[in-house]
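Only one structure is covered here, and it is reproduced in the block below.
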Amino acid sequence: MSSSHTTRLSTMLLQSLWDFILGYNAWLRSPFFPVLFSLSVYLTFCLPFVVLDLLSPRLAWIRTFKIQQKSHVSWTMMWSCLALSLYNHVVFLFPLTVLHWFWRPASFIAEAPGTLRLIWDVVACLLLFDFQYFIWHLLHHKVPWLYRTFHKVHHKHTSTFVLTTEYSGAYETLSLGFFAGVNPLLLGCHPLTEMLFNVLNIWLSVEDHSGYDLPWSTHRLVPFGLYGGAPHHDLHHLKFKSNYAPYFTHWDRVFGTLHKHSD
């Protein structure tokens, strides 16, 4: 199959996907959609890891994939994290999305983005978010007042499990949500690209906090140690003073804050 034929086929598939999504135009334009979309995607991605956490005390082979194998996740810990996440979505995120809906009503074009443009924009959004998060995260560890006031709550658990992903105060949730929301606008991304970036971003964040190092984890698929993944971020929760970037490792290498389990 020639490259031009492959490109045409992928463009047709993207157009079919976009046409399908546009079929739910009323939902897309609803002020409820952004919060329900992000929360639904988040909880869906969390569910498999929640099941692993519930089964791991009974099945030893599951514990072999846990990064901190002696850690145990209780129902109380899960409900505490889930309750804070739901609270932040209902009390803070939803009112802001309604205000945004009034200020900038959603508009959608009929044509889907090209395949290469979509891939380029998703990667660009992800790299930009990774840099923004790194700077934000570094400052909120290096400045004691910022850490105590805003970021400390996220570090309640020194052993990560999936529902700690969104266990944070409103300020942190809104700050990181702002980065994720504004980057596609800054880069002029297509609405489909924005949706796919948000889905990927949520997945990578969930995987980072999962507490599991699985054979198909993202950091095992990206070569040359360019991507840190769950072991990288779990060590940050354990040690506090290293591995500030959420996904990739280059900023921690540049600033001398990269550490590995073997260090």
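Backbone N, Cα and C atoms are what each Cβ position is placed from, and that goes for glycine too.
Please treat TrEMBL annotations as automatic predictions, because they have not gone through curation.
Lifted from TrEMBL, the feature list:
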- 122-257: domain 'Fatty acid hydroxylase' (DOMAIN)
- 32-55: transmembrane segment (TRANSMEM)
- 76-103: transmembrane segment (TRANSMEM)
- 118-139: transmembrane segment (TRANSMEM)
Is it the case that the transmembrane segment (76-103) and the transmembrane segment (32-55) touch, counting contact as three or more CB pairs under 8 Å in which the residues of each pair are 6 or more positions apart?
yes
Six or more residues beyond either end and a Cβ under 8 Å away: which residues meet both conditions relative to the transmembrane segment (118-139)?
14, 146, 151, 175-176, 179-180, 183-184, 186-187, 189-190, 192-193, 196-197, 200-201, 204, 244-248, 251-252, 255, 257
Secondary structure content, the domain 'Fatty acid hydroxylase' (122-257) (per DSSP, counts of residues):
95 helix, 3 strand, 38 coil
